[in-house]
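Listed in TrEMBL:
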type     : residues : note
COMPBIAS : 25-34    : compositional bias 'Basic residues'
DOMAIN   : 164-510  : domain 'Major facilitator superfamily (MFS) profile'
REGION   : 25-95    : region 'Disordered'
TRANSMEM : 162-189  : transmembrane segment
TRANSMEM : 201-219  : transmembrane segment
TRANSMEM : 231-252  : transmembrane segment
TRANSMEM : 258-277  : transmembrane segment
TRANSMEM : 289-311  : transmembrane segment
TRANSMEM : 331-350  : transmembrane segment
TRANSMEM : 443-463  : transmembrane segment
Amino acid sequence: MDDDGRYRDGRQDFIRGAKDIAKVAKKQVGKKIGRGADKMADEYTKRSYKRFEEEDDDDDYAGGPGNDGGYYRNDSRANDDEGHSDSTEGHDEDDEIYEGEYQGIPRADSGKAGSIDGVTAAQAQQFRDLSAYEGERRKDQEELAQQYEAILQECGHGKFQWTLYFVLGLALMADGVEIFVVGFVLPSAEKDMCLSEPNKGMLGLIVYLGMMVGAFVWGGLADRIGRRQTLLISLSINSVFAFFSSFVQGYVSFLFCRLASGVGIGGSIPIVFSYYSEFLAQEKRGEHLSWLCMFWMIGGIYASAMAWAIIPHYGWSFQMGSAYQFHSWRVFVLVCALPSVAAISALTTMPESPRFFLENGKHDEAWMILKQVHDTNMRAKGYPERVFSVTTIKTVKQMDELVDLGDSAAWHQKWKLKLTTLFHQVWSNFQAVFSPEYRRTTYMMMAVWFSMSFSYYGLTVWFPDMIKYLQKQEYSSRTKTFVKEKVEHVTFNFTLENQVHRQGEYFNDK
């Protein structure tokens, strides 16, 4: 019995020793493979991902309704962690060879040297080549554009688009009104604020300076947080500061309010057209965007009518002491802010652009809005039984998928990352229009818009002041001057307006 016990103890010692030797051998093999993987990392990143992604895309979109419709790009990766490799099946936990060892990535406890060797391979496996990634995004966007046009054809054109037309027309009208405000109030405001010629020029310039800043900022923001949300913010800024500008008394504060209002206007104008075009099919897009411009002229008519009806009525004013005066031209500025308030109220009832959601990988939200468009138009046309047949819509791969701070990151780090990402997106959009592909078109459009804006906006601001100057010249040309005139026993029963009497003598006159 003692011999049998010693035999079993020796056998167990032998098995434990063999296992220890096997573990050491596996670690050494992992280190050797890791060094080889480091040398082949560049080649691996160039040739591997493209092949794997094509296979994954085929798996993701090959499924029908039976496999959840294939709505999302990452469905095929959902079960990556549910099973184990065949090569590790049947092993104990201590003996299990995890997947990273085959790629040269050692365990966390394998030492400092092994961890350094594994970082390069892990980064090479995690981050894609930028040019290949941009190529994928462009391919996704082209496929989305084709499918989105077909979906808009199915949704039809009807009640929804016409409702959105009048809502966005009201927003464009509000911006047009604010453009005309300065030209109408300048002749009256120069008296209240004692403006010099340079100050008058700055007051006419400041709105367009704000529009330039707003156009640069709001475009990138609309691609980040949404067309509707950005339009609501820009209209709110426009209406709030237009309201404040009717009450402020000083020149500097009035200048600041008009600058901030211009920032809001600069964002509203381009976003209105982008937002509306993403609900229009190709054959309707051109004419409806042209019709939308009509509201800009309606805004000009509204501003002109209000200026004619309000500004000449000097009795529509009040003052509190000598420090606060509210004249009729301030009432006009206040009335001109009302279209912005009405546009904000109407816009809150409209949905976000589905194209924006699809560009940002939000499939379900976009599908719900497109279904709303379809059902609204079909009910208005008398076909409520028609069903929205689209089940799968292409989404674009997102850049943010490569950035993850984790749940343990501080709030200021997350906000810093968001703001940095937003700034880079705005700047990249700005640089994209000067890329070789679009450079010629960009310069041509810049020249066209500069010429149009110089003539249109320049005349808009200049004409009221020019008309006032011509009236003054005409009045001066009819002035009668009397020098060294002797008037005796005369009763003046007529007006002496526009007459100048110098060095005259008057005796017994009434």
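Placed from the backbone N, Cα and C atoms, the Cβ positions cover glycine too.
The listed stretches are 162-189, 289-311, 331-350; of these, 331-350 has the most Cβ pairs under 8 Å to the transmembrane segment (231-252). Per-residue confidence over the domain 'Major facilitator superfamily (MFS) profile' (164-510) averages out at a pLDDT of 83. Taking Cβ pairs closer than 8 Å, the transmembrane segment (443-463) reaches residues 179-180, 182-183, 186, 204, 208 in its own chain, all 6 or more past its ends.
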